[in-house]
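*Asks:* One structure coming up, written as structure tokens, with questions to follow.
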Amino acid sequence: MCCGSDRLNQIVSSRSSLPISFEEDNNLVTNTDMNHLTVETEDTFASLLELAANNDVEGVRLSIERDPSCVDEAGLWYGRQKGSKAMVNDYRTPLMVAATYGSIDVIKLIVSLTDADVNRACGNDQTTALHCAASGGAVNAIQVVKLLLAAGADLNLLDAEGQRAGDVIVVPPKLEGVKLMLQELLSADGSSTAERNLRVVTNVPNRSSSPCHSPTGENGGSGSGSPLGSPFKLKSTEFKKEYPVDPSLPDIKNSIYATDEFRMYSFKVRPCSRAYSHDWTECPFVHPGENARRRDPRKFHYSCVPCPDFRKGACRRGDMCEYAHGVFECWLHPAQYRTRLCKDGTGCARRVCFFAHTPEELRPLYASTGSAVPSPRSNADYAAALSLLPGSPSGVSVMSPLSPSAAGNGMSHSNMAWPQPNVPALHLPGSNLQSSRLRSSLNARDIPTDEFNMLADYEQQQLLNEYSNALSRSGRMKSMPPSNLEDLFSAEGSSSPRFTDSALASAVFSPTHKSAVFNQFQQQQQQQQSMLSPINTSFSSPKSVDHSLFSGGGRMSPRNVVEPISPMSARVSMLAQCVKQQQQQQQQQQQQHQFRSLSSRELRTNSSPIVGSPVNNNTWSSKWGSSNGQPDWGMSSEALGKLRSSSSFDGDEPDVSWVQSLVKETPAEAKEKAATSSSGEHVMKQPNPVEPVMDHAGLEAWIEQMQLDQLVAQQN
């Protein structure tokens, strides 16, 4: 134990060392000789401080009985400086020394037998006994503090550095429980540590870095120390730095910065470009190290649920976590932003409020997810439904590749995760029907009588939609892969440089062009050694009409195919799968097709509409059945004989000689027929074509159809 006394034995020698005599009492004894002068001093106060440090109760009692006033005296004590590891000489009382080393018995003796001042401050640091007990690091410091508090110690007294006893607590590293108990005992207002500003002093190497001032001192001052001597602050005092008014900062409550789009996708997401110090709370952009930083919900797929690991301090997954990090990511998430009403209503004074202030500002909630973002699965089903309905007016991608959100982030996989919320809902009353024109096997007999007379209007609307959608589809086919067989053909047609809008129109309305394209397409398939399933090219049968009724107009079917220019290996393999599924129905479809073709021929003998013309379907449908509105599906024996002769495919060419005898062309009619077949647009623009011209065009289409049927039968 290191100690020192406040009164030292001083020996004055004039020339040489002489023997020194010590007296038993405390008086100064001077022996004077003619040649020598000796001064001897002795002090027992140093022994009292040492006795107090060693918890020697009997020695302290004897010293107090000998001189009761020595209890309140202060003497030099060599020990560790408070708040550091440096050893210095400073003035201490016996009670301070006993409190520093945890001498419980000596403290009880001093406070019980004498009138010692437990709140006395001395030394250069103006410390008290309670400061010494808190900073001494004794194992039994809790009992010492309780004794001093019971004796009347004031825990609000400040030392020379403006610190209370609770601000200078030092305990061994393994005694964290003692530290917490001391914090509870020495709290200024009796509350817990988490509810007040509390500093814990750590050991520092020198005095220059030790001063630490309380942030809430009685004098209202505050201090700071060096990084080595700065204490650990359990709760920081709220303090906002004042910045000069910056007119260049945008107003986050007005203009574009207050819109839902900016708040959800850009607020505290985009980095700030200002290189000078400014108020981050007034800036809508993110800064390095800012706690309000958000991940872009269009690039990082996370929910609005708070991350439990992030609440504890850090999330090991970082930006790849599927949960929200922080309040801003949670409440500014598109699934939760402004889905609830603010309790303050229109009187809300928050700079950035996460809630809606009026019912009109509420964002819609989706029943499938309970949030403001549609379900990813429901959107996938919606996209699949659109791909199955090529004629749907909404048959576009769920989120256009040209949208600002898709172009801004440069990531295609985020388009399905964050679709636009204004996509209309899809209602499919006939969802049990297969809408693909190559697979449906609907018959005209299945159509009710009251709907049969409306088929012409449906087909006219279908053809008009088909032409208009073909013009607008070329822009999106580049970025959207074909989803089915019909998309494959339409993609090839829209990407072909040799077809313009007029060519697409002629492909829709010209039977001659369709026949030529179909023949060329069959030749390419033969080169790939594959077989194409029978494609219905019957322009007069009700089957071509009921497709337009149930599948809707919009995309070009394989009957309207333009010339493909890309390699057909991948496409033919896909078509071969369709062929396997249709081979079982091939014979039945051919017979039904031939039957309807024969019925159409007999019908044209009496009334001569143009076969397959979209503009004259009213005439065709009105003359199909009897006058009472009921369709007449009967046929004569003569027609059956002609059917047998025309259905024989033993020869190289079909027997169509009886058709040649029905019509004799005049030179004028031949010219009109050539003009009609050369341009599909010319036929479309004639609301009431001349009857002979219509008849020739229909016969030509029927002949081409029969040739195609024969080619298909030969391949089978």
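Numbering starts at 1 and runs along the chain as it is shown here.
From the backbone N, Cα and C atoms, a Cβ is placed for every residue, glycine too.
According to Swiss-Prot, the protein has these features:
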type: COMPBIAS; residues: 203-213; note: compositional bias 'Polar residues'
type: COMPBIAS; residues: 530-543; note: compositional bias 'Polar residues'
type: COMPBIAS; residues: 583-594; note: compositional bias 'Low complexity'
type: COMPBIAS; residues: 605-630; note: compositional bias 'Polar residues'
type: MOD_RES; residues: S566; note: phosphoserine
type: REGION; residues: 201-231; note: region 'Disordered'
type: REGION; residues: 521-562; note: region 'Disordered'
type: REGION; residues: 583-638; note: region 'Disordered'
type: REGION; residues: 667-692; note: region 'Disordered'
type: REPEAT; residues: 90-120; note: repeat 'ANK 1'
type: REPEAT; residues: 125-157; note: repeat 'ANK 2'
type: ZN_FING; residues: 306-328; note: zinc finger
type: ZN_FING; residues: 336-360; note: zinc finger
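Tell me about the surroundings of these features in the structure.
*Replies:* Sequence-distant neighbours of the repeat 'ANK 1' (90-120) (same chain, 6+ residues past either end, Cβ-Cβ under 8 Å): 6, 48-49, 51-57, 60-61, 64, 68, 70-77, 79, 81, 127-130, 132-133, 135-136, 138-141, 143-144, 147-148, 151-154, 157.
Beyond the repeat 'ANK 2' (125-157), the same-chain residues lying 6 or more positions past its ends with a Cβ under 8 Å from any Cβ of the stretch are 81-83, 90, 92-93, 95-97, 99-102, 104, 107-108, 111, 118-119, 163-166, 168-172, 175, 178, 181-182, 185-186, 188, 201, 218.
Across the zinc finger (306-328), DSSP assigns 10 helix, 2 strand, 11 coil.
With a threshold of 8 Å between CB atoms, the same-chain residues lying at least 6 positions outside the zinc finger (336-360) that come near it are 252-253, 260, 263-264, 267, 281-282, 304, 330, 371-372.
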*Asks:* Report, as numbers and ranges, which residues of the same chain sit near the zinc finger (306-328): CB under 8 Å and 6 or more residues beyond its ends.
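*Replies:* Distant contacts of the zinc finger (306-328): 267-268, 291-295, 300.
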*Asks:* Can you break down the repeat 'ANK 2' (125-157) into helix, strand and coil residue counts using DSSP?
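*Replies:* Counting residues per DSSP class in the repeat 'ANK 2' (125-157), I get 17 helix, 1 strand, 15 coil.
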